[in-house]
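**Q** Handing you a structure now.
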């Protein structure tokens, strides 16, 4: 176990002891997941390189970035995420639909049927990917967390966030995503974070106020 994961474990134990309903918040900026095949098309002969580990132990931000090219505009220097995925996927904020000129739906990761396509450009090549979404807010959690909250995969939760400057916000329909290797963390995008005045650091928390909604 490396130092960062040890710190995460210590923070988790302390938090769950003091307030078991608190959930760390991770703010997801726009990013791209690629299959190994699509990565090789964009970065021939290269390997995806780790820039920074993320809270979910298998995931990392890569050194490589790409540009997203839509019918109306371009978003440059969009970070790739590793490891490789079985399907390529682009995640943006809702407001970035207007920049790009597309209409990406709010979906869970991997739910790509009927999603728009977009051109993805690297310094070496350009490809078109079908699979642009606005990620639906969700909570990664271990199986033990799910048992503690009384939820299962796909259940809807409600989380209260005390943003800076008195911007208390209640996020409804937060999807539970339990898995054995997941670490407790709520994911929201930059639009949602801005609305609640939540920072991009690792010190923001939400409080689960309704553990399960039918």
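Glycine is no exception: its Cβ is also placed from the backbone N, Cα and C atoms.
According to Swiss-Prot:
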| type | residues | note |
| --- | --- | --- |
| BINDING | 27, 28, 29, 72, 79, 98, 194 | CoA binding site |
| BINDING | 31, 33, 91 | Zn(2+) 1 binding site |
| BINDING | 85 | phosphate binding site |
| BINDING | 138, 140, 187 | Zn(2+) 2 binding site |
**Q** Per 10 Å Cβ neighbour count, which of the binding-site residues 28, 194 ranks highest?
**A** 28
**Q** Looking at the binding-site residues listed here (28, 85, 98, 138, 187), whose Cα lies nearest to that of residue 91 (Zn(2+) 1 binding site)?
**A** 28
**Q** Checking your reading of the structure: which of the binding-site residues 27, 28, 72, 79, 98, 194 lie inside a 10 Å Cα sphere centred on residue 187 (Zn(2+) 2 binding site)?
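**A** Near residue 187 (Zn(2+) 2 binding site), where near means Cα within 10 Å, the binding-site residues are 27, 28.
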**Q** Return only the integer: C-alpha distance in Å from residue 140 (Zn(2+) 2 binding site) to residue 27 (CoA binding site).
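**A** If we compare the Cα positions of residue 140 (Zn(2+) 2 binding site) and residue 27 (CoA binding site), the gap is 13 Å.
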**Q** If you skip the near sequence neighbours and keep only those at least six away, which residues in the chain come within under 8 angstroms of residue 72 (CoA binding site), Cβ to Cβ?
**A** 98, 99, 100, 101
**Q** Give the sequence-ordered set of same-chain residues, not counting 31, 33, 91, with Cβ within 8 Å of the centre of the Cβ atoms defining the Zn(2+) 1 site.
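**A** Not counting the recorded site residues, we get 28, 30, 32, 81, 89, 90, 135.
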**Q** What is the interatomic distance between the Cα atoms of residue 194 (CoA binding site) and residue 31 (Zn(2+) 1 binding site), given in whole Å?
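**A** Per the Cα atoms, residue 194 (CoA binding site) and residue 31 (Zn(2+) 1 binding site) stand 17 Å apart.
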**Q** Measure from the Cβ of residue 31 (Zn(2+) 1 binding site) and count the other Cβ atoms within 10 Å, all protein chains considered.
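**A** Result for residue 31 (Zn(2+) 1 binding site): 18 other Cβ atoms within 10 Å.
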**Q** What is the total of other Cβ atoms whose distance to the Cβ of residue 98 (CoA binding site) is within 10 Å?
**A** 12
**Q** If we count other C-beta atoms within 10 Å, could you say which of the binding-site residues 33, 85, 140, 187 has the fewest?
**A** 85
**Q** Just checking, which of 79, 138 (binding-site residues) has the fewest C-beta atoms within 10 Å of its C-beta?
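**A** Among the binding-site residues 79, 138, the sparsest Cβ neighbourhood within 10 Å belongs to 79.
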